[in-house]
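Visitor: Structure incoming, see below.
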Amino acid sequence: MNNNTIVNGTDSPGSASGDKRDLLALLKLIKKYNLKQTEELLCQEANIRSEELEDLDDKEISSLLTSALGDNQENNPPGITVHTGTENDPEFYDTVFGELRNFVDESLDIYKHELFMVLYPILVQIYFKLVSNGYAKPAREFVEKYGTDLDYYYREDLQNLLLITKRSDLENNDFVTAMETDKFIIRMSRDAHSLFKRHIQDRKQELIADIVAKYLHFDTYEGTARSKAQCDATAGSLIGEARRQDNKIRVYYGLLKEVDFQSLTTPAPTVVEEEDDNDPDAPDKPKKKKPKKDPLFSKKSKSDPNAPAMDRIPLPELKDADKLEKLKALREASKRVPLNKDSLPSVCLYTILNSHHTVTCAEISEDSYMMAVGFTDSSIKVWSLTPAKLREMKTAEHLKDIDKDAEDVLVRMMDDRTGEAARTFYGHSGPVYRCAFAPEKNMLLSCSEDTTIRLWSLHTWTCIVVFKGHLFPVWDVRFSPHGYYFASCSYDKTARLWATDSNQPLRIFTGHLSDVDCVQFHPNSNYIASGSSDRTIRLWDVLNGQLVRLMTGHKGSVYALAFSTCGRYLASGSSDHTVLIYDLSHGQLVTSLVRHTGSIHTMCFSRDGTILAIGGLDCCLTLWDFSKLAEDYIAQNSNASHNPEINEGDTYLLRAFPTKCTPFLSLHFTRRNLLLAVGTFKA
């Protein structure tokens, strides 16, 4: 007889006293391991047809083998592993989880909410074990029985879980990988954690203990357990919650010093001021004029203790033309309209009508002079928002005659005869998902489903560079506020840092468990924030590629990010219809802004940082009093804590502007605090 054959006790296969059901169980086990010769021999000796094996289900086989072989498997032949014991019984999993659920329900209210958080990851791991053992139907019934008791924000995950019905489905599945390779993090008070461990030990629940050891991480703290609201505030992501040590690294969130305008080659402009001359002997004498330096030049920026060093990362050196442009922006800012709850911004909504192809994105340049719109047919259209036309550079032959040292050399390089109100770029081979203007206004970035990023010249109106590196569609691309660098993110679960003069990424930021939907540069260009479908926001250090902040709390994919003008706060919008505000100094959640009924895809802070504008797919624009929000947060909770009180965000809503049928694609504050919005009309 073949060495791999298992004989039940002393009964031979042909013995009349042998139990036929036991023999069928052994035959099906042999068939499972593809021992065809042994199977045929036994079937022939016992006069059993192969069709009879199909009548047995896995549960019955498990029960028969358990009683026949017992719990000791030390004498099993090599090559055969027989899983015996209660773990091969679906009812065992149901019983164990039911006891855990009852333990949580019967716990004191002060600990119940934190203990409740262990149920979801343990339920998921039990489902994986049931499916892996071939119990697809009991696994589904198990989730349907206990899944309804879990928090609402796990319902979508549980629906995706039920799509996994075979052992092969467990392989190369993003959700399975996320739950098994990265431990699920649960923040819990030490007292609640001790209760949980004592329950496992007292009930001798080896299954739960094994799951906890392999797939869960408890971030314990000393102090009072958190309330239900505090637990829900930071829960919901694929990884659970962020560990406290993930947010301990110092972040230089301050702003860099302003440009030293005194270094301009041209003399500083002066304004003439009348000098008071109260000479009693000559009252009618004309007053003398004395020159006074422009206050824009004499004003010195204070050094911020939270700001990074100017040379922390290499930034491009500003040319005189760039400095003059910054000076122009500063002059416009001096005429800025101050915003507050009594003086709200005017809103100008650009509505795109009757486009031949679906609009996928829209972006307005920093100086509010141009708007770029991407379409599903892979084209990009750029409009001028001012009477000035979009001109093309003169030919090389005509450029020879231009004085290169002239102050207006850039103006002279452009051909007035080629001026148009709009221009179109062609080059991508898939829908364009994002456009981004360079701060210098001479280039435009775009990313597409074709996995590439393209850099376009706004002087020659041609493609300059095609950046290839991402493996899947690129969802977002953003320029650094200081130019030269840009960031991108993709379905391949990575965000990347690029430079315009290199066709290879400078940094690849990995760690997200699902596709990265949006990226945003910090105002000081030293950090990049990324939002993902794993429902987390991560802050990366451009200098070394290190993860310096991990923020959780969203219950859906993160689609929009915006830094406050001071650099300390980060706002994130999600498909869960909420906007969360985080304090980057501690990685702490400040508040949740709940008003919209659709996904949030665009946000923007006013130029003075007092107003936060939010646009949603629910065709509604909301304005929030961010200055009051920040003041209240600093006054109430200036230091980090393991269980901070989350402010109610509804009190900061200033105004809501509904549109008829126009969801918002982009929001932009001009230098004078006029709010520009872009949307597409949905009939």
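Even glycines carry a Cβ here, placed using N, Cα and C.
Here TrEMBL flags 272-281 as compositional bias 'Acidic residues'. Per TrEMBL, compositional bias 'Basic and acidic residues' is recorded for 293-303. Among the features that TrEMBL reports, domain 'TFIID subunit TAF5 NTD2' is placed at 87-216. The region 'Disordered' annotation in TrEMBL covers 267-316. Taken from TrEMBL, the feature repeat 'WD' applies to 352-393, 425-466, 467-508, 509-550, 551-592, 593-627.
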Visitor: Work out, from DSSP, the number of helix, strand and coil residues along the repeat 'WD' (593-627).
Guide: 2 helix, 20 strand, 13 coil
Visitor: Run through the domain 'TFIID subunit TAF5 NTD2' (87-216) and tell me, per DSSP, how many residues are helix, strand and coil.
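Guide: Counting residues per DSSP class in the domain 'TFIID subunit TAF5 NTD2' (87-216), I get 101 helix, 7 strand, 22 coil.
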Visitor: Which residues of the chain, 6 or more past the ends of the repeat 'WD' (425-466), have a CB below 8 A from one of its CBs?
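Guide: Contacts of the repeat 'WD' (425-466) (Cβ under 8 Å, skipping residues fewer than 6 from its ends): 322, 325, 360-367, 369-370, 372-382, 390, 392-393, 413-414, 472-483, 486, 488, 490, 498, 500, 503.
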Visitor: What is the number of residues in the repeat 'WD' (425-466) that are helix, strand and coil, as DSSP sees it?
Guide: 0 helix, 23 strand, 19 coil
